[in-house]
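These notes are about the structure you will find just below.
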Amino acid sequence: MKPYKILKHQNPKPFILMPHQRFLFSALSSSTSDRSQYPSSEISPDILVESARSSQWHFIKHLSPNLDSSLISTALFNLHKTPELALQFTSHVEFHRLDIKTRCLAIAVASRLPSPKPTLNLLKRTVSSDIAGVAVIFDELALARERLGISTTILFDLLIKACCEMKRVDEGLECFYMMKDKGFIPKIETCNALLSTFLKLNRTESAWVLYAEMFKMRIKSSMYTFNIMINVLCKEGKLKKAKDFIGFMENLGVNPNVVTYNTIIHAYCSRGRIEGARLVLNAMRSKGIQPDSYSYSSLISGICKDKRLEEASEMFEKMKEMGLVPSAVTYNILIDGYCNEGDLGKAFHYRDEMVEQGISPTVSTYNMLVHALFMECKMDEADNLVKEMGEKGLAPDQITYSILINGYSRCGNVKKAFSFHDEMLTKGIQPTRITYTSLIYALSKRNRMTEADNLFEKIMKKGVAVDVIMFNALIDGHCANGNMERAFSLLKEMDKLNVPPDDVTYNTLMQGHCREGRVEEARELLDEMKQRGIKPDHVSYNTLISGYSRRGDMKDALRVRDEMLSTGFNPTLLTYNALIQGFCHNQEGDIAEELLKEMISKGITPDDSTYLSLIEGMGNIDQSVESCNSC
């Protein structure tokens, strides 16, 4: 066994700290409260750079309140060849506290990263902070670009894209023209971002102005550009021009794709022009482009809106036979169509089929089915479906709650309607105007007008934009409860808030007056609505006819009937019932019988109310004859 070797003592080499390390060691060994006391004169850019390179982020963060812009700017410049490190450094020196020049330098350094996301994020923060206008930001980015020797236009392109993503498209367009003035050509992707944003904001004219400018600058359009402009034409309703635009594309050597044709097919279908959509589909096939699921979904949607559900179902089967896999959207289109027609059996059939195909029903699927069940007052089934949603892990959304609240309001269950209102607030889901209208309607139908008024005031204070439908629900409640003074005060409030009343508003007020026997005042309202440019409908005229008939003023009732005919409205069952009832009460049974014959000849089937009026009228005539004979 070998003895242990005893090593002689060796003197260690002295450990020498570099200047930045001495400062760092001193700072880190100080108390936390002292670290922020170091004057900026003792901190050099080298110290910041070396601290970043050694990942001393905690130290940099504590020093940040004492770092001036020139220090940070120099450090960023020295880190520009390592943009990942520079970005980390930027995040620890409180970006929001930097001046515009330093911010733009940080953005320029970040633009060297492979991904544009960090640069876009910093640009959005800068634009939204309102530290400077986009013109100033553009100029500062130009200076930072020169300082770093960046040869591309990426900074300006990303600035425009950031503006577009923030829906500040006019500022993006301003940057576009600044690029042009400096002799820079924006990338086609940048131009597409502007065009697409104009399209989303429905500013089609602005899109055409920009497109013309692109042409002048000889910016070559991509397939995506052409598809956007075809979409612009479709949004403007210029469907023939949209089809012609395909020829323009082809002349420029760009062949349309499935998206191009789908855009036009969707536009035709959304306007109910199904045959036109079929022609586009055939043209698409003739070019060797196969329709996809979206092509057929658009057609199925258009056919469903036209209430040709059997034809829609046949096209759906044909689509599957072609090997195209329907999406949840396609199934939802059919479910919605059958729900609207009240065919719940077929609607649930498609729901079950989509589940069998491994396609999960969406919140929209459940919303449509729940709404349809409420329309048929199948409350228990609707409740079960909502429970099923929860079991499937689907959270009710704003529309779900609106449907539930509206459904229970219509069925008179105010308590349950308000419980869902409270539940949606608890979950942080804001009620919509439709939600509040349903609650006001429910309270009004239960004669709880004080609560309805209080809720309306609460809505106003919340800043919810009230509309004519909400006012009409409240006016109807007050008219039904005989409070015409409050009803008319609401009409004045509508004028103050620039909410134009409609025919429903005036019909409701007219009905309120007629209930109280004040038919002349109701007649004045008919004239007032005409002065406002609101066209009376058959309800307006029937309301007056009914009012005069109940009072026995049959000459005035017939005069309104003639006025109704002269404006192009044919008498309805309600018109005849009101007149027959009036003549019967006036013991003019012969005229009532003539009216009965007239309504039958016009294809209007009498109902129980018609015959009841005639029977009561004949009874009154018999009593009158008996009393005369006894005299």
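The backbone N, Cα and C atoms fix where each Cβ goes, and this holds for glycine too.
Feature annotations, courtesy of TrEMBL:
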REPEAT    152-186  repeat 'PPR'
REPEAT    187-221  repeat 'PPR'
REPEAT    222-256  repeat 'PPR'
REPEAT    257-291  repeat 'PPR'
REPEAT    292-326  repeat 'PPR'
REPEAT    327-361  repeat 'PPR'
REPEAT    362-396  repeat 'PPR'
DOMAIN    389-493  domain 'Pentatricopeptide repeat-containing protein-mitochondrial'
REPEAT    397-431  repeat 'PPR'
REPEAT    432-466  repeat 'PPR'
REPEAT    467-501  repeat 'PPR'
REPEAT    537-571  repeat 'PPR'
REPEAT    572-606  repeat 'PPR'
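Residues in the repeat 'PPR' (572-606) partition by DSSP class (helix H, G, I; strand E, B; coil) as 26 helix, 0 strand, 9 coil. When averaged over the repeat 'PPR' (397-431), pLDDT in the model lands at 88. Within the same chain, residues 258, 261-262, 265-266, 268-270, 272-274, 277-278, 281, 284, 333-334, 336-338, 341, 343, 346, 354, 357, 359 sit at least 6 positions outside the repeat 'PPR' (292-326) and bring their C-beta atoms closer than 8 Å to a C-beta of that stretch.
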